[in-house]
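Feature list (source: TrEMBL):
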| type | residues | note |
| --- | --- | --- |
| DOMAIN | 39-290 | domain 'G-protein coupled receptors family 1 profile' |
| TRANSMEM | 20-46 | transmembrane segment |
| TRANSMEM | 58-76 | transmembrane segment |
| TRANSMEM | 96-117 | transmembrane segment |
| TRANSMEM | 138-162 | transmembrane segment |
| TRANSMEM | 194-219 | transmembrane segment |
| TRANSMEM | 240-263 | transmembrane segment |
| TRANSMEM | 269-292 | transmembrane segment |
């Protein structure tokens, strides 16, 4: 517990009393990571090689897959190194870079989910204008805006932490670096960092969540105007996969925020599990959800399996 104005490293969190189980936890984590990488790479490959999937909705799906790959890869290998080889220290610079990647990629994913909600809104409420409004060029521009938005809003987070002094404990609450976690270890006034972090989250994830809800309210109104329940279910079923993906992203995000805000007295295991869920569960579930709900992806996977079996 030495005091330095510029810390050389932080200590990643372990689970008191369960150190002997680290190997098995890492094995499970590695299995989930392999599932995430395999599933998202499969989505990218299938969309790239299947001309019928060269449409805005599937381009957005590719963006989600790329984001999930980057987010899981920026955290899981370092976590596996900690659990398997007990390398608990992470340098101050590496911690800030990892923090920037986690928050920025999460912001980009939130923006892409909003764009997918808008895509569903235009496709259902204004079907004749869908092809003209959401062209491939517009889809690429939305992707670039999503990247710029994430970087602009979340680059200041590590910059605000750079000049802060850190003293006392250097032990984090997770096996990776988050802004709230690192900020709590500073022994100085963190009000500017708190205010900016909260503002950035509200203006990005918070605003996106509100607009996604608004999109689905408008979609629901349009669906309810259809003549029969069969038509209503058929149209709304095109949104089921996206709704599941939105829940897979926002529920862990909200859960992690609640744990940081109100769970200071909770067991360390709760913090670590919530962090892993936030990082890995969307990356594992997204390809499965779209694989189950999208017939073109199903057919392509079955064709690939049939070719390899022969």
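Indices start at 1 and increase along the chain as displayed.
The backbone N, Cα and C atoms fix where each Cβ goes, glycine too.
Long-range neighbours of the transmembrane segment (240-263) within the same chain, counting only residues 6 or more positions beyond its ends whose Cβ lies under 8 Å from a Cβ of the stretch, are 64, 106, 109-110, 113, 116-117, 120, 173, 178, 180-181, 201, 205, 209, 212, 216, 270-271, 274-275, 277-278, 281-282, 285-286, 289-290, 292-294. Ranked by the number of CB pairs under 8 Å to the transmembrane segment (194-219), the listed stretches 20-46, 58-76, 96-117, 138-162, 269-292 are led by 96-117.
Using the rule of three or more Cβ pairs under 8 Å, pairs at least 6 apart in sequence, the transmembrane segment (138-162) is in contact with the transmembrane segment (96-117). Within its own chain, the transmembrane segment (20-46) is flanked in space by residues 14, 53, 61-62, 65-66, 68-69, 72-73, 76, 79-80, 83-84, 86, 276, 280, 283-284, 286-288, 290-291, 297, 300-301, 304, which lie at least six positions past its ends and keep a Cβ under 8 Å from the stretch.
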